[in-house]
Amino acid sequence: MTASISWVFSPGQLQTVALRTQPTLLACMSISVSVTIEPSVQSFSAIGEKKSFTVTVYGLIISQQTIKSGAIMWNDGIHELAGVDVQAIEIAPLLLETYYCSQTLFVSFVLNCHCDEKKVHVIYMGEWPQGDVTLRSVHHSMLENVLGRTSLAKESLIYSYGKSFNGFAAKLSDEEVERFSEMEGVVSVLPNRMLQLQTTRSWDFLGFTKTNYGGCTEGDVIVALIDTGIWPEAESFSDEGFGPPPVKWKGTCQGPNFTCNNKLIGARYYNAENIYENDYGITEFKSPRDRIGHGTHTASTAAGREVAGASYFGLAEGVARGGVPNARISIYKVCWWGLGCALADILAAFDDAIADGVDIISVSLGSNDILQYFEDPIAIGSFHAMKYGILTSSAAGNSGPSPYTVINYAPWTLTVAASTIDRKFVAQVVLGNGQVYTGLSVNNFELNGTSFPLIWGGDAANVSAGANSDMSRNCELGSLISYKVEGKIVLCDRIGDGSSILMANGLGAIMVDSFITDSDSSYSFPLPATQISREDGLEILDYIRSTKNPIATILVGETWKDIMAPTVVSFSSRGPNPITPDILKPDITAPGVDILAAWSPVAAPSIYWKDTRSVKYNVDSGTSMACPHASGAAAFIKAAHPNWSPSAIKSALMTTAFVMDWRRHEDLEFAYGSGQIRPAQAVDPGLVYDASEVDYINLLCKMGYNTSALRLVTGDKSACNNIEPGRAWDFNYPSFSLGCGGWPADHGSLH
């Protein structure tokens, strides 16, 4: 590629200028590209003189489809002049203006990659084919046909799913994705979207006491958790008294500096993007070890051992245990600090977990997007798990109380909402005038009743940093001025993580919950803090305004009995089911508020990610916490009835559920499904609504899935013969909802 430049002189200017090259590197489609410009030195001696130069681009693959445009950049050490954009690799002549009068100019060539960057996608191909087939070689051959070279196919392939279903993950360009989408035998091509986590006393509250569990067959049950990993040294996962794993177990323990035992019998990790350090400077463990704490919490909730004296800095002290303390645990790490949970990794975890021989799969994560069933990794994985007799329990989501927000709504999964237990954490505020206000907080900080100066955040704006009162009243990060806040308790008009007050050397925080009238869940903070109602916040502000030297103290947290429990928490996502409105979702509710369970000691113990304190047990809330309660209950039923199908176990939990008080729930069954789980009763339900793979296939036929697609998914000769598209009213399900007036429309449920 050749071009020329001209030098234009004014009287008295230098007649000779040197032109030197500065090669650049471009990472386009993960390909390292080098650019050089020759000759490296050019001299000009006359006005209007032209000199030619050649731009050469080196790389593994360089084509007009790879690089769409470039630009020549001139730099004299002080100024920079961008040349004319070079479209489609055509180098155009450039006229250098005279106001750059340096003797030496440096030139570089900048390339822009527009649309062909390779990104991870999943090619989902349905059921594992019958016969002696090596799927990895099939997947490699498909990639080679599309990419054109064996070496490129090898570099592109990330995962080959071939243990429990058929598919693979690979780095593909948009054009390559389109070609795979048109291939025969491909059910769907899925971008590697990131899914989110849906982040003691609880089992006793369910009436599931120590006398209910511990049967001789409990040790044969394996609970899999697809999550953030696990802290294997936690006391909740001790294998004291355990024998070897069940004979059916085919899994493994993977990763450096990580040891399994006869309780925690398996652990794997997955990272399709191969990114272990995030934008926050946090480096993750290249192993199943838990950096976040979430997976350790859910694993111990579902199947943790009994641990006496567990507490959060002395709060809620008691015996921590899971639903099936004698069951085995296998962990599959797919979620990474600051990065999320990749679709390709989730499918790889399902593929392994099914083949490893687990009995229950617990998934406390999901996508907030509305996805068709075979575009959703959890729906895909749980469908194939169902075919192998494995029930998947999943979180309903944390986007409530808005309707149509429920996630993980596939009919073959158990979708779990979150509800309260009869214990709540409170932290009271005492003003200098003697007024006491009760707020919610897991507050372990002891101020010993000492009062400190009290200030409203709106009066402490850091104006020099560009903040104003509207920012500082909400205690936004960097908005508070330290000389006004230092050593004081700050009233904030919004809930935050407390970091802004710490940065300004504040002592504590009173946070107003402006968005939810009746606060129903607590947070832990990195400083003395509590969250109060909007009405109480206005009274405290009036006290500050009317008092010359306002003072206050925040009392250490207490646990109070909640006589209104159980109620579905406000953040728990609501139905109706956005894909199949005649299938009621969520299915059931379980404790998901203020749950004490094991924690990773390297994870922050509060909602502030820079909190450096360390705990072995933490209090957390979310449908992420409700899901493992249902998973543990399902494992308990599986131990008692090892031959029951996933649908039978699900039915038992739903038909024996505690009937919730509909007068406290505006959304009725769209909030709580069949009600709150009762594991002790579910083991003997009297009757079950069973459903087989054939029933689910017939349901999909009614939804409009065609025979060819379903045969790929099932791997057999399933057909939609004589099945007309229609409603799901004859599907054998323990509950149903009634769509009125078409879709989308208002929906109601029968109760």
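Glycine residues also receive a Cβ, built from the backbone N, Cα and C atoms like all the rest.
TrEMBL does not curate its annotations; it predicts them automatically.
Remember, it's a predicted structure, so these values are computed and weren't measured experimentally.
TrEMBL has this to say about the protein:
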type	residues	note
ACT_SITE	Asp227	active site, charge relay system
ACT_SITE	His294	active site, charge relay system
ACT_SITE	Ser624	active site, charge relay system
DOMAIN	32-80	domain 'Subtilisin-like protease fibronectin type-III'
DOMAIN	121-198	domain 'Inhibitor I9'
DOMAIN	220-675	domain 'Peptidase S8/S53'
Practice item. Give the sequence-ordered list of residues that share a chain with Asp227 (active site, charge relay system), lie 6 or more positions from it, and have CB atoms under 8 Å from its CB. Key: Leu197, His294, Gly295, Thr298, Ala299, Ile331, Tyr332, Lys333, Val334, Cys335, Ser362, Val363, Ser364, Leu365
Exercise for review: Count the Cβ atoms, other than its own, that fall within 10 Å of the Cβ of Ser624 (active site, charge relay system), considering every protein chain shown.
Suggested key: 31
Check your understanding: Under the DSSP assignment, what numbers of helix, strand and coil residues are found in the domain 'Inhibitor I9' (121-198)?
Key -> 28 helix, 28 strand, 22 coil
Review point. So for His294 (active site, charge relay system), how many other CB atoms are inside 10 Å of its CB?
Key: 29
